[in-house]
Structure formats: structure tokens, C-alpha cells
Amino acid sequence: MQDLHAIQLQLEEEMFNGGIRRFEADQQRQIAAGSESDTAWNRRLLSELIAPMAEGIQAYKEEYEGKKGRAPRALAFLQCVENEVAAYITMKVVMDMLNTDATLQAIAMSVAERIEDQVRFSKLEGHAAKYFEKVKKSLKASRTKSYRHAHNVAVVAEKSVAEKDADFDRWEAWPKETQLQIGTTLLEILEGSVFYNGEPVFMRAMRTYGGKTIYYLQTSESVGQWISAFKEHVAQLSPAYAPCVIPPRPWRTPFNGGFHTEKVASRIRLVKGNREHVRKLTQKQMPKVYKAINALQNTQWQINKDVLAVIEEVIRLDLGYGVPSFKPLIDKENKPANPVPVEFQHLRGRELKEMLSPEQWQQFINWKGECARLYTAETKRGSKSAAVVRMVGQARKYSAFESIYFVYAMDSRSRVYVQSSTLSPQSNDLGKALLRFTEGRPVNGVEALKWFCINGANLWGWDKKTFDVRVSNVLDEEFQDMCRDIAADPLTFTQWAKADAPYEFLAWCFEYAQYLDLVDEGRADEFRTHLPVHQDGSCSGIQHYSAMLRDEVGAKAVNLKPSDAPQDIYGAVAQVVIKKNALYMDADDATTFTSGSVTLSGTELRAMASAWDSIGITRSLTKKPVMTLPYGSTRLTCRESVIDYIVDLEEKEAQKAVAEGRTANKVHPFEDDRQDYLTPGAAYNYMTALIWPSISEVVKAPIVAMKMIRQLARFAAKRNEGLMYTLPTGFILEQKIMATEMLRVRTCLMGDIKMSLQVETDIVDEAAMMGAAAPNFVHGHDASHLILTVCELVDKGVTSIAVIHDSFGTHADNTLTLRVALKGQMVAMYIDGNALQKLLEEHEVRWMVDTGIEVPEQGEFDLNEIMDSEYVFA
């Protein structure tokens, strides 16, 4: 018999050591790449020490101002560089070379070369800003770590500009002796201005080699001790959290619960946040929160071995079903053929262009773009495939146990999170499919069978249809035969891979086939399901705002009002955008469209609208901007969502092309180097200008509510105070964001860094307070809804519960109980008064002041209608 307690202690030791190994591996990758300055400890040192060195450089400059006599040769050159930039470059080079046995002279020359490059390419950037920005963007996209490569690319760019523009002169290299003096001067300033505990951080030392005295740099002993302590401390901060094989310790205080060993448990509090504030969040203050979290921790899970067996074969055979392929999208052996004739492939830039015909040059440009897209997609593929391997490995490890458990904790808004780095009920499709409830429950009644069928329909992709249609489709004989085939041989009958949630659907297929077989044998009552049937909110944030403001329009859009079929708010916004775009497709020559710096009219406008029509204006395009609206999204974040949509289309086409052994097709006509109006920037601006106002045409409640909350946050900041209010669960949400002054140092080729400066820490940041207030408020309320719902389920005897913020799951036969709790708790939260009025009054009473802020009026929507809505959670 297994000693599960002893095993749990061993697992937590592995979690602790796993976090250390992960940290050390990350840092070692930086060192191996020659970028020791990018290790965690050196990044910290850089940010702290730039300021004193910059002051040292300024003192050096001031020393010779107004002095008679000849100034040092280095001075004139250092006047061309900002102090902070020179300090950053110097320390970054020193840190990269410190442990390479480089001599003091070699380090000095490298520093000077980087300083020269900064001056040189700053000149280029000032003369051809847009062009150089494209060069830097291209370098960033290539993800190169090689400074030499970046330097060579910039030199080619400089040459190209000089050949086109007679007013721009090519760079004349600084003499070597000048470089040595510049580098030596900066190293002397570094030694004399940067201290730690009264000792210089960097100091020169000497050693004899072959009869010669060689000077080199080293760090002081105290800094070495600090680095060692930093490594040990940071490495232990983030254990590789994993499931438990015995129930986690119940939370009794904000600091006592969760994992079983001190070294792991001490890294997690029940609630993230300021320790002084967290102390207030006791069981007495919020008993329902403790009750809900501990119930979630007691839910028994187990590995779904059927799904595990399939995904292991998918990985072994690299089939790519529902997961990234394990074959690189692009590498040295698998790269699109270079269209440039072999005899010209060694040429670069303008020299290459002169040797090619216009058609060949365009083919070359297209090839470069295709390779860049593939390399970007490959980076993501590699990361995702590695995550799959880690997840499957952990599932294999825990498949030996009958039951496993998860530790839960909360963020500062009381949102609930599983504390597991890989395998988790809050994971992606594969992660959720690899888990199932330990408890198996029957599907005997009509209601239980209905929800079991609806679960399969949802996972397949019929979640926008009525419940009756979903059930009917699942009971269709042809669909049943497909599910039986899949369960019998999922690697031959692969229709499951095309489902909306492939692996969760596969898990359901295994159970459905078993159920059908038992029905055929007249033993249906023996069937037991282990799968959670999830009930998801319809854009939860907008649901909460619409409920608290009793907004009829919003309530209908997000299914708070009863309807014959589920309402699709993302699709509704997409339809508004489609109509607007259609008008521009038929626009006359007099019609103009302006967004930011982009103005389109006539032919240009029609072409842009037609391009988007061919790409497809779908709910996928509008989903993220709509979904994030209640959480503080802006027009700028809307534009970022449009970019993400296009990038996602490109990545999917690239992956499909590799799987089919062909060149990827273009999914859109937008190109950076086009001379017309169909550039990516213009396309993103155009679509953003259509989507952003369309959202407010469909829903208004979030906008007026967020405006009022921001006003309250501004009022608090003007008083130099934060916000603090009590959620329906008793959780006290505190928001107090202090101003910090951060100076970002930017270089042309060596990246940038935020340096921390000594600032007053008692000033509230007004802009940050206003930006965070509305998202925190609505997150706090949807988290409260989750906690209150879980408490009701516990009271009704439900012990198997899955939650992911606005998604709730339990067994099919308990789903009706869950749905009643979900709807009832939503009504109870808002039926008694106005949540926004309570928020305002709580602060006015504490501040003893009338803020003058007006609370938005509530509408006519009857909250009790929620109880009759079939699709509010579906």
C-alpha cells in the first residue's frame, strides 16, 4: 500500500527543486548565448547601477567644462551620447565579457565600438527614421541575439541610404587609439562611480601570463556574495507547482493552507497583495471565501488514461491532431527555396537589387517575408510543443494515482486560480481533457442525459444552437456511429480532431460510446460519467454590468433575458461591422474615411473594404475587443486584437501549408513595402475604426459604469488615497497604486532597459488608478459570483466542482443544481440595490465627503427574468 503522505512530501521536494532547476536553466541559456548581462541578477544590477554611473559620466564632462588647456580626446566623443545610454552600454558590455577571460583592453575596445555604433546609427535614425525603424523591426522579428549580425544589417542600411541621398554621408570610422581612450575612460568612470556597500562593484586586477602583466576586470567580493544570495533567493521563489496526491491543507488563515511542506507552502498566500491588507482577510471577515476555496481543493480528480494513451501516440507519430506539429516549420534543411540565382546569393541590399530584374527582386522580397513569418510561427510552435510534452509527462506521472487534488489561491480581486504549473483543470483543451473527476455518477434521468448530450454538442461545436437541436444532433444515429468509431480507433477515425475542443470531445466520445454500448445491452443504469459539464457565461463582464444597471439592451445581448435561441454578442458586433464595411465596398469617389494618419477615399476605400471582406469579418475578429471591454480595453487594445487576428490567420495557414507540403498562401494583401494604401498599418486602423464604435452600438451599460468608476478612482487619487470596498462575499478589495518613476534607456542596437530611480513612494498614480479601477471592480464581482455559487453547491451536497472564472462544471446529473445556483446567485448579488451606488457610498462614508459623482441610472430590466433564461449560462 502506498504511503501517500510520504509521496506528497517527496513531490513537494521535487516541486521546490524543479523551480530551482528551471531558474538555473533559463539563466544558463543567457550565459551560453554570450548575453550574461541578460541574466536575472545582472538585469537587476543594471537597472540599479545605471544612475550612479550616469552621474559619474556627467561629473567627468563637467570637470573639463570651462577649463583652459586641452581637453581629453574622449570628451568630445562622449558629448555625442546621453549619459544614461553610455552607462548602459558600458555595463552591458562589461557584464557580457566579465567571465570570458577578456583583458581590460579588449573590454575597453568593445565598449568603444558599441559607443561608436550608437552615435553612428543614431545619425542614420535621425536622417531616415521610418526606414531605420523598419530595420529594427526586422531585426526584432528575426529574434537574433548576435550583435555582430545587427551591426552588419545596420551598415547595409546605412549604405543604402547614402547611395540614395546625396545629403547623407557615409560614416568615417573612429581611429583605434581614440576608441581605446573612450573605452578606457568609461571603464575608469565605472570603477570610480559604481559602489555597493562602500566597495566598488567593478575593479581591475592583474595577473602574469607568459611573462606579461595582463589587466582584467572583476567584481568585488561583496557583489559576488549579493549575486549568490540573489540567485538562491529568486530560484526558490517559484517552485514548479504540481498536483497533490492527498488533499491540500485547508486554508485557515491567509498564510496557512495549501501545500504540506513549509518550503513550498510558504511561497503561496491565499490572497496576493500587500501583506498588511491580506492580514484583514480572515475567516471571520469572509467565511464563504474560505468555504469555497477549501471545497475546490477537496475535489477529487484523476488522469483520463484513455486520452493520455491517444495523445502519447499522437506525439510519438507526430500526427499533429489538436496540438502543434513536432516537425519544425522552418530550419536549415526545411526552408523555402531562395529565388535568387546562386551566383548572386552572396550579395546584399542594393548590390543584390541591381543584379536582379524587378520580377526577381519582388520574388526575393516575398521569399524574405515568407521566411520571416515562418520563423515567427516556428518560435511559437516550439514553445507550444514543449508545453505539450511537459503536460503529457506530468499526466503520465500522476496516472499512477487513483485521485489527485489541486491547491487553489486568489489574486487581489479574489479571482480563483489553480496553483499548478502544467496540468490543471484551468488549462487548455488538452490539459482539461487529461483530467476527469474521480467520482463517477449515473446518467439515468432525462435531465442528466440531456446535459450529458449537450456537453458533447458544445465540445463538437454546436454551442450556438438551441439546446433541443444540440440534443437531437447528438442522438442522431450517424453521429452516434461516428462517436463509436472514434472511441474504438481514434487514430483511424480522426473526426474528433476537427472539433472545437478536440481532446475534450475525444474524452466525451469514449464515455458516449460506452453509454451507447450499455444501452444496447439493456444496462444503461450501470453507466458512470466522470466528466464535468461546463456552463459558461455569455461575456461575463458585460453580464455583470448589464445586471447591476438593469440594462435591457445589454441583458438581451448577453442572454440575461430569456430567448428562444442563444444570443451571440460577438456575432452581433461582427454583423454591425459587416454592414459598415459593405457600405464602403460600394462607396463613391466622394466618400472619404479617416482613422489616425490614414485617409482613404474612392478606389482606395473600396479596395480596403473589399480586402477585409475577402479575409472575413467574423465573430473571431470581434470577440476579443468585445470580451475585454468591461476589463478596461481601449481603442489601442482593440487595434492590437485586430493585429492578433491577422497573425493568427497567417500562423494557421503556415502550419496547414507545412502539413500539406506546399508553400503558404497569402491570407491578406497587406504589405509594409507597398507604395499604395494597402499597408498593414492602414488596414489595422481601418478595421479598428469600424469595430470600436460598433461595440457601443450593441451594449452601453459597461461604458457608462466604467466612466463612473474611473471618476471615483480619479477622486481617490486626487486625495492621494486608494479604493477599498467590500465585495458580496466579504472579500475586501484594495486598490492603491503608487507612482514610480522609471526611466527607460534605449539604444540603437543593444535593446533597452528600465532603470529604477529613487522616488517618493507615497504618491498615488492617478492614471494607473483610473486604468485599473473598472477592471478590478468587475473582476471582483464575477469572482464573487463564482465563490457564492460554489458555496451553494457545497450546501446541496455537490462535491465535484470545476471552475475557470466564468465557467463552472460538475457532473451531468448535478448540472440542473448548478444552473439554478448560477442564476440564483447572479440575481441575489444585484436584486437588493445598486452595486455602483454601494461602491460610491462606501467611499463617501469613509472619506466623509460628497464626491459629486453621479451614479448611472438603472434601467427597466427585471432581474428575476434571469431565472427563466435558458442560455444565460450555457
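Cβ atoms are placed via backbone N, Cα and C, with glycine included.
Marked as active site by Swiss-Prot on the basis of similarity to another entry: Asp536 (among others). Packing around Asp536 (active site) is summarised by its Cβ count: 16 other Cβ atoms lie within 10 angstroms of its Cβ, all protein chains included. In the three-state DSSP reading, Asp536 (active site) counts as strand.
According to DSSP, Lys623 (active site) is assigned to a helical segment. The active site annotation in Swiss-Prot covers Lys623 (among others).
Among the features that Swiss-Prot reports, active site is placed at Asp806 (among others), with the record citing similarity to another entry. Reduced to three states, the DSSP call for Asp806 (active site) is coil.
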Exercise. Tell me the Cβ neighbour count for Asp806 (active site), meaning other Cβ atoms within 10 Å of its Cβ, over all protein chains shown.
Key: 20
Exercise. Specify the count of other C-beta atoms within 10 Å of the C-beta of Lys623 (active site).
Key: 19
Quiz prompt | C-alpha spacing of Lys623 (active site) relative to Asp806 (active site), in angstrom | solution = 16
Quiz item: Could you state the CA-to-CA distance between Lys623 (active site) and Asp536 (active site) to the nearest Å?
Solution: 15
